[in-house]
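Below: one structure, written as structure tokens.
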Amino acid sequence: MDFLNSSDQNLTSEELLNRMPSKILVSLTLSGLALMTTTINCLVITAIIVTRKLHHPANYLICSLAVTDFLVAVLVMPFSIVYIVRESWIMGQGLCDLWLSVDIICCTCSILHLSAIALDRYRAITDAVEYARKRTPRHAGITITTVWVISVFISVPPLFWRHQGNSRDDQCIIKHDHIVSTIYSTFGAFYIPLVLILILYYKIYRAARTLYHKRQASRMIKEELNGQVLLESGEKSIKLVSTSYMLEKSLSDPSTDFDRIHSTVKSPRSELKHEKSWRRQKISGTRERKAATTLGLILGAFVICWLPFFVKELVVNICEKCKISEEMSNFLAWLGYLNSLINPLIYTIFNEDFKKAFQKLVRCRN
């Protein structure tokens, strides 16, 4: 987003020559990140468009997120690279206004898309039956439109406030002269969505964990009922005894006398059922860990990429004595841009349908 750059007019030719290798390295690194972001998001968009199996309202949100991140890669990153390498804005104030507008709107829209996806997943888990009827392409379209409209409303006011200050021709930044404007832009674009995402994904994890445990308990009860066998004990009446209980008893207490118990208790079928139950429990635990890992990656990437930048924005613009170096400011801005590269990876890498679609696209290219 907006970051401060200084002019290199006061530098001597020798100093400029000495700094050339580092500038080339920075230029190549940032250009590589921009190219990767463009390619991966383009791949996600293409996969969703050409693969019929991916034509689902939930994936339309992911496609819209990929479009937003694609715009960041092709309309925001290249100008930022030139600005950083040149250390001054050389493209005029008209293009500066346009670049800042696209930068703020697209980055805000990308963040709000993450909130919309979190809300969509939360409703799909907690209100599956009712939400399945509402989860239509039209509903996804309304959600996407709402996200873009909110992004514009959050992003436009800071652009108007920018013109209240005296901007230099060689700078392309937004000066937050008012605390109100700083709080409005940072809370609207990041802090409120962050709180919403944290709450939703916490509830999603709890709901998913409860669902796994309920399914596991239901399977165990079903196997208990299906595994009951008839036993005879002298002149006593016939009783129903669970085979899984007998197997657990035999493992926990080897001294137990099972000679009087019917031989079917130790039958291979009973042992097979117990083994199957254990495997299901293991699979359920694996799925729970996978869900936790996925949610952790989503939240971790979002917080790591954007939190430092917005903390800097809040602190620097509220505290007049607080300063930050040009290099650190640029680094934090690009750390935020990096989220546009990570998003398509996280939201598709754990989906088998996306994996197959990507493999198909790569094979077609070859």
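Residue numbers in this text run from 1 along the chain shown.
Yeah, the Cβs are placed from backbone N, Cα and C, and that goes for glycine too.
Swiss-Prot assigns THR126 and GLN359 to topological domains bearing the same name, which places both on one side of the membrane. Here CYS96 is paired by Swiss-Prot through a disulfide bond, and of CYS172, CYS305, CYS319 its partner is CYS172. Separation of the C-alpha atoms of ASP103 (serotonin binding site) and CYS172 (disulfide bond): 12 Å, rounded to the nearest whole number. For CYS96 (disulfide bond), the same-chain residues 6+ apart in sequence whose C-beta sits under 8 angstroms from its C-beta are TRP89, CYS172. Broken down with DSSP, the topological domain 'Extracellular' (82-96) shows 10 helix, 0 strand, 5 coil. Counting every protein chain shown, the number of other Cβ atoms lying within 10 Å of the Cβ of CYS172 (disulfide bond) is 27.
The Cβ neighbour count for ASP103 (serotonin binding site), using a 10 Å radius and every protein chain shown, is 24. Every protein chain considered, the tally of other Cβ atoms within 10 Å of the Cβ of CYS107 (serotonin binding site) stands at 27.
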